[in-house]
Structures are given as C-alpha cells and as structure tokens.
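Database features, via Swiss-Prot:
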BINDING   ALA17, PHE18, SER19, GLY20, GLY21, LEU22, ASP23, THR24, SER25, ALA43, GLY129, THR131, ASP136, ASP194  ATP binding site
BINDING   TYR99, ASN135, ARG139, SER192, THR201, GLU203, GLU280  L-citrulline binding site
BINDING   THR131, ASN135, ASP136  L-aspartate binding site
Amino acid sequence: METILQHVPVGQKVGIAFSGGLDTSAALRWMKNKGALPYAYTANLGQPDEEDYDAIPRKALEYGAEKARLIDCRPQLANEGIAAIQAGAFHISTGGITYFNTTPLGRAVTGTMLVAAMKEDDVHIWGDGSTFKGNDIERFYRYGLLTNPALKIYKPWLDQTFIDELGGRAEMSAFMTKEGFGYKMSAEKAYSTDSNMLGATHEAKDLEHLNSGIRIVNPIMGVAFWKPEVEVKAEEVSITFDEGRPVAVNGREIADPVEMFLELNRIGGRHGLGMSDQIENRIIEAKSRGIYEAPGMALLHIAYERLVTGIHNEDTIEQYRINGLRLGRLLYQGRWFDPQAIMLRETAQRWVARAVTGTVTLELRRGNDYSILNTESPNLTYAPERLSMEKVEDAPFSPADRIGQLTMRNLDLMDTRDKLAIYSKAGLLSLGTSSALPQLGGDKK
C-alpha cells in the first residue's frame, strides 16, 4: 500500500501544515489550481517571531483553502518541555553547553496535534514544508502515522511537477503575484530560523560555514550578549520545584506552564542564557550545524539538575544521565512517543523527578555565565556535618570506622595488582619512565 503520494491527489482533501510563509502559501495555491482540496492547519507554538496568529488562517482561506484552523499547541508543548527537563532528555552538547532539543519537541507536538485535527475534518492526506535532506520529514512521517494509521503523505517538495514549476523562492513569488496576491518576499537573511515557545534554531545558508558563527545571528529570544555595547546587568532569580514541576519564579507562584515558560524566557533572555553553537548528527548520519536559543529551558535545567545532585545518590544520578542521553537521541529521531522512550521518560518522572522539591537561587550575568547562590530542599541528602572538617557531636563515623573501610579495599587492590602484572608480562604495559601506568616488575613478590 502506497503511503507517500508523488503526484497531486486531485479531487481529494489534502491537509497542509500552513505557516503563512511563501513556501506553504505557494504550495497551497498550486495544489488548489491542480484540483486538490487544500485544508490548512496552523500550529500556535508560541513562536516568539510571530506577530499575528489569527491572520494566518485568514491568509490560507484567501489563497484557496477549503477550511483553515489555528490549533493552540502551547499547553502541550510546555508540558512536553517540562517532561524533557525532568528526564534530562538532551544528548547534544559542546563544552558543557547543552542543546535542549526544542525543535524535536515542537515537531512531536505539531505532528500529533495537527494530524488529530485533520482526522476531525475527515482529512487523511498530509503535507508539510520539510525537505528530503532534513530531520523533520522523518519526524512528521512517524508522528503523523502514529496518530492516524490511515494517513497518506503528499509533499509538494517531493513532487517533480511542483519542483519543475515552482522550484525556488523567486518562482514562488512570481507565481503568487500572477495569481493576484502580490506576495512580496521578505528580505533574505544570512540564515534561516525556526522557533517555538521553548527555543529557536538558526541554521543553513551562511551558518553552514564553520567560519561564520554566532556573531551574525540576531537573537529573537534574548540579547546579543557578545556585543560589548549591549548592556547586561547581573540579576538574581529563584526557581521553585514541587515534585519535579516548576511552580514558582522569584517566589511568585505560576500555575500555568505556558506562562511559566514565557516568564523564564523573559528572565533568561535578558542575559542571552541558553544560546549554543552545535555540530550534530542528523537522523541520516550526516552532520549539520545550528545555533540555538532556549533561555527558559536553560534556567529550568540548571535549577533542576542542582536539586537532582543534592537529593539523589550517585548511582541514581548516573542512571538518570545515561537514560537522558538515550532518551534525547530518541526524541531527536522523532520517537518521543515510542514505547522505549515512554519507558525511559516515565522512569525519570517517577523515580527521579518525584523527589525534586525545593528552590534554587542563581545569579545570571552575560550569556551562559551564572553562579548558584543557594539551594534549599526538604529532601536534600547533602548534610555538611557528615564531612565537616570541624569537630562535631554525634559524628556519623569515626577514624576507626574509616580504617576498617580502607582495610577492606585491600581485597580489590590485590586483584588489581595481579591483573596489572598479567598485562605487564603480556607486554601491554610499557616500562618507559614517562608512562602514566603503574610500573610493575614481571615477578610476583
């Protein structure tokens, strides 16, 4: 059974993820002219660079859509963002600076909620603007078919007729003008931007070249902190969690997760917190480069991990981080709702996040420069008196206890020395004076 349609489905309803930009506008009008019945669906993801959401469906109707709907995806996106924080679902980082998978989270929400809306309108063919070289074509494919197993995929950008007739932005603009809409192309930027409430992605064009970097980017969620003329004042902020969920900022309770992210974005954005420059592996294993913004996610991540390290033991923290790396890859690959991802996510939410209650106070400066000023929690297992260098009453252990503990280490030390001797005899340990490995003789003493 054919899932991907390579030609316009004439006379059939076709749902298109409609952004209002030139690409989707031209595609919608072109499909209409070819005999399809286009239905337009726009996701409100709280994009910081979108000024008027209500105008987008009106545009779609003007261009020939049979029906146009605006779907509010913000509450779901906010909750998925919090779930990613709770599970540490981030696998891409450079020099300790994290990419918070904000685009994959947005695709998980868009791909499921738009297709669900299409089902309500008896629309079972879906198209979007993703290209064959990127990650989104696979993410949307997976999420769409998970939501509607009967779904067919039609993407104008995979239709050779569309490519031949409207292969570039100049051709699309001329087509829309010819159709009587006078569409004017926006000024070309040196890169492309995709955003949602959780973060922004800047990539392609000039940013494909590694000798071009963050200095050409105009942030849309914060300030260009690298510019000396941009004033950034130090600021204290406190974030409170209750059983793994953020509930207050600077002592003010915020019950709505959407408002929580908007407030954290405002605070973090004033400093340029959460911006990063990453080289990553796309799903098809080719490398790409992106510059990212995520001020609110960065604030939550810093505060949440501070509480995790103060509350949980070393083995739990290690497993949380291992699972988070794996879950981050699954999220990136469009598998956020696959069973293996749900298992990892719910494990973290149940056994890690549930204990994360407390308040972390930070001082934010420029960019990702910050200090942790205070950590408070009723669940802290950090107890300074246990290891105090001062004399304390009711010490948890004595010098004699430590002597006994160290004596027990002799067992594994003997085993280790025996193994090193075996490696030495096998020639695996060099005996040069500069060797960093233990220098053992060949004979056991």
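Including glycine, each Cβ sits where the backbone N, Cα and C put it.
The secondary structure of SER25 (ATP binding site), as reduced to three states from DSSP, is helical. Taking ALA17, SER19, SER25 as the binding-site residues under consideration, the smallest Cα distance to ASN135 (L-citrulline binding site) is found for ALA17. Around GLY21 (ATP binding site), the same-chain residues six or more apart in sequence whose CB sits under 8 Å from its CB are GLY129, listed in sequence order.
Separation of the C-alpha atoms of SER25 (ATP binding site) and THR131 (L-aspartate binding site): 16 Å, rounded to the nearest whole number. Of the residues the record lists as binding ATP, namely ALA17, PHE18, SER19, GLY20, GLY21, LEU22, ASP23, THR24, SER25, ALA43, GLY129, THR131, ASP136, ASP194, the two whose Cα atoms sit farthest apart are 19 Å from each other. Other than the site residues THR131, ASN135, ASP136, same-chain residues with C-beta atoms no more than 8 angstroms from the centre of those residues' C-beta atoms, the L-aspartate site, are SER130, PHE132, LYS133, GLY134, ILE137, GLU138, ARG139, PHE140. Here the binding-site residues are ASP136, GLU203, GLU280, and the one ringed by the most other CB atoms within 10 angstroms is ASP136. ALA17 (ATP binding site) and ARG139 (L-citrulline binding site) have their C-alpha atoms 14 Å apart, to the nearest angstrom. A coil conformation is recorded for SER19 (ATP binding site) in the three-state DSSP classification, outside any helix or strand. Long-range neighbours of THR201 (L-citrulline binding site) (same chain, six or more residues apart, CB within less than 8 Å of its CB): THR102, THR103, THR193, ASP194, SER195, GLY290, ILE291, TYR292. Of SER19, ASP23, THR131, all annotated as binding-site residues, the residue with the shortest Cα distance to ARG139 (L-citrulline binding site) is THR131. The C-beta environment of TYR99 (L-citrulline binding site), restricted to residues of the same chain at least 6 apart in sequence and closer than 8 Å, consists of PHE90, ILE92, SER93, SER276, GLN278, GLU280, GLY290, TYR292, ALA294. Summary for the binding-site residues ASN135, SER192: the Cβ-based neighbour count within 10 Å is maximal at ASN135.
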